[in-house]
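For reference, the structure discussed in these notes is given below.
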């Protein structure tokens, strides 16, 4: 090592030596003191203000305020700007301050937690913030892990322990075998191994490092590490070496992840605001030119009564100043406050989603959660839903249902007549009373399987032995005989439970052994290796040595993968098992294939050596390991297959039917077999028997896939249902035309495509063809897809269809899809919370999707559109009056009416569950687009014309009934403002909840009006409140009411 | 276990109407007959109002005489500011063919005078005008202080530019001796103006109250000598001054000047006959190409109003009817078609 790398330079690798603080300090690793707070008392004001003024809206207000402080430009009293600005800043600051206060509090709490650190050979209590990289700390059961650490040693009796990730998901972690032998504290204190590992990153499930100790290297993997924020379970204690501390830990690296998904309305709004800004500048220029001309023609002559301001020396300069004055006056036309209002509305809708009782899952006690507050109205525009199957459409509660053991299928239930029995008329379930360790909740109806076990059939025994050995399930035995299994995946749990009931009870495990009670006799297997499951391998294996000393590899995995790696001698068995597999999949069951392989001692020894080398490799360790695994998992002997039932979630078919009625297209992307997927498709009503045809694409080559897609398209066009224009499309018709034809296909089609075909279909030259075909179908099922393909499919639709996409899933393999789609929905279910963490909305059952889209989505969309239209309308109506007045006051930047205050919360409710068709306007973006915007603007301008010119026409000649003057500026301004408020409030009216707001805002308006015009305020500030008595005396005038009255039909005409 | 169930309970959202979005809502169910009858009713109402308003506006008798050109020599004289001390009078005879029944009001009307300019409107001091602080001339630029630094009272551009013509109406009863038509100069202001917004500074007499201030540059007399006849009509409480200070909204405006005192010959109003305006021409308007006129007018129940409002009502009513007729036509044809469709 040359020099200690400074922290600013990107860390390439991390070195931490145990019990050597001096050595570790050289690297200046982050301490464990975490600081999530942003401010302290001194820095709060400047930092917070600086942050707030990075918002465009605030800067804009500030700019206006500065303009207003120039006396020649100022055209409104400065408080009309400063009051809202200060209000917004203060509210935000208070919110930030409270947030930060709580962050301080939690930081303090976390930093001051106690942990036991090994210092100078003895365990000492130390606060979390003082723990350093390289320290050895002791953790006890149910304690939070303070840092990311490498587990050195576990409790001797229970060397494996669990950690609970984020409170829902258990993961197995294991101490490094070599250090487990260290024993007592004094020897641990002398431990001077050095860990070299990857720099801090945010990948929760990855870790690669090497431990150098006593001149030898030991591999470290994710299996050996504990993550910060997890809780230790199932072990009394463990010692660990701190590798990452504080901000470098994976939890901290993952928290605070902000991603910005913007809705289409957001983007539209940005464009519109720019246009309006242009419009504002245009108005300013027109009025400035008007001012210059007026000053030149009239103003110069009028100087006896009103000399020009000292700073003004020419009409041109006066025009220039009046431009800025008008920018101030007309600033309300640029709806900067719109962004704030829109955010508030969205936040409100998010709360409505969180509060919804009908989206609360009683069983799991989880309410729906809007994790992103900015996407609500896009929920009302969804056209494509991409759904995962397992755990999303289904419950992900696995039940061992059928199995095939060496060519014989078990699990079918026959009634007396020999037909397959239906639910409800089943005979008594199999009696497992012979087995005291059996799980009472496990039900199985085929007695022949148990008979086979009892008969001692070697294949059946081996079958269940495999199930009881090849897994990563943990057992917990609170009382004698009361076994609880904790499994990382529900499939494993179901299989191990099945083995348990059939007499092969998995009892306990250590890092080196597995104890199984085989028909009541305890047998301890030596565990030599676990070849872990992952999404690419799609299989897992264990290598065990039985008490007789024979080494055997047990493997279970997906049929596609496993059937290729069998020994050629089992060809006959293979074909029957394949038949069984297809039969199971056809019933919608999830299948796994089981196989074993005997290894001789010599080969194993050699292989174990290679495996160790691969796991110590610094680069591409994963690939090397995979190839080593692949080598041993070959030429296996087929044992049989299992079929697990994953029941559909409640309400799924109804939801899918409803969403289909709402013209939402549902694509299911699943990793399951084609038959399973199709079957689920039928059972959840995605596919129906009424469908004209279900196309299945299973081609293995580009040409095959292309041909299949072409045929599907041809069929769709040739069908008598095709409406088209009646003319058959000639062979050479372009793909663009093809689309239009396909859009018009009337029959109901569905497309099922396999993973390997999908890979070809997603290639650049075929993706459009695929998309056209798929989009013409009512339902699309992609099976055997990888997580990456899921994301690719979503991306494809997103890119070419300009439609809003929603992805829903529950597992880690759905994360990429959830992140890609416009809206990601996470199901908080059995598979942990990775999907939820990546999602924008989360709830616990698929059926809530209908409420999310059809109720909340639609309402959000409707309200947002209504609000936007109303907002633009209101702004234009109010602001344009100033513009018109400009032509009557020598363009002197006089306001047409005093700035009124407006409450503008509107409501629009309409049920959509009963009428799913009502969802369509959102998909077609009908309610707020550029056309609607211009209509609103036109209405606003029209209103402003009426609101200005009708009072103008009346006031020009009118006098009060005692003959005194009425056409004075103050009366005119108040009349215009009041009629504007009335008209604009009332025209925003739709349903009755609005009554409250309309009369409310009118009442507030009049209250403020009278207050501002009261004698008291005038007495105090005669120069500010010049409108004293105006409203009171004005509203005694009959003619004013006549003016208001004439405006009401105007409102009606525009609202009808 | 019990604890977790409690947690679950607390996670359960409240069942309130607001949180579950079940606030009572009411959706307008528009039926064709409802809308049509509503439209018809509105149309009837508007047409009725329009006719009433037009009739009442027609009943107003009004006479306006523009005197800028008639008094051309005076106008010319006033164009030169140095002639401010030269008096110029002008007499305008006219014939009133019909009696003006009831209360008659005399207005002066200015054309092209911008009382609504931004800086003009601001150029006044309300705290001075309520008599609390005579020296407060902060907002009054550019007429806040005289050259020697004494504060102007009343300060500001509005006060400085006060309309200062004197208009006297005389009636020739027997084509011989003109009778001065009795006019009231009181009751021509808004109540709040006279009693809240404008107050004289308290002192033994007005001239001492205004000590330490000077008159606006365009004024001939200081503010406490505005009315030589009625000492109560002086200072900030002068009615003409208050009327002027209520700035007009548009460049063409009329302000109430006098109202008829209905005594002697004038109990019924202004009888038909020969009249003349005797005008002391002080206020220059030709400089800014403006014009001025004097207006005599009666009022109706809704005050003085023009035909405009009546026309607006009539037009609105007519349009509403037109719309409702066309809607009815559409409705009926659709209904027929629907019947046909069902029959098929």
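Glycine is no exception: its Cβ is also placed from the backbone N, Cα and C atoms.
In TrEMBL, the annotation transmembrane segment applies to A:76-94, one of the ranges A:76-94, A:95-113, A:114-132. Mapped onto three states, the DSSP output places residue A:814 (Mg(2+) binding site) in helix. Between residue A:590 (ATP binding site) and residue A:390 (Mg(2+) binding site), the C-alpha separation comes to 10 Å. Calculated from their C-alpha atoms, the gap between residue A:784 (ATP binding site) and residue A:814 (Mg(2+) binding site) amounts to 13 Å. It is A:390 that, of the binding-site residues A:390, A:813, has its Cβ surrounded by the most other Cβ atoms within 10 Å. Ranking the binding-site residues A:533, A:671, A:813 by the distance of their Cα atoms from the Cα of residue A:390 (Mg(2+) binding site) places A:671 first.
Ranking the recorded positions A:388, A:810, A:814 by other CB atoms within 10 A of the CB puts A:388 at the bottom.
Here the domain 'P-type ATPase N-terminal' (A:17-82) has, by DSSP, the following mix of helix, strand and coil residues: 32 helix, 1 strand, 33 coil.
Averaged across the domain 'P-type ATPase C-terminal' (A:836-895), the predicted model reaches a pLDDT of 82.
The Cβ neighbour count for residue A:590 (ATP binding site), using a 10 Å radius and every protein chain shown, is 25. Look at residue A:388 (active site, 4-aspartylphosphate intermediate): DSSP puts it in coil. Long-range Cβ neighbours of residue A:533 (ATP binding site) (same chain, at least 6 residues apart, Cβ-Cβ under 8 Å): A:472, A:539, A:540, A:557. DSSP assigns residue A:533 (ATP binding site) to coil in the three-state reduction, outside any helix or strand. The two recorded residues, residue A:671 (ATP binding site) and residue A:810 (Mg(2+) binding site), show a Cα separation of 13 Å.
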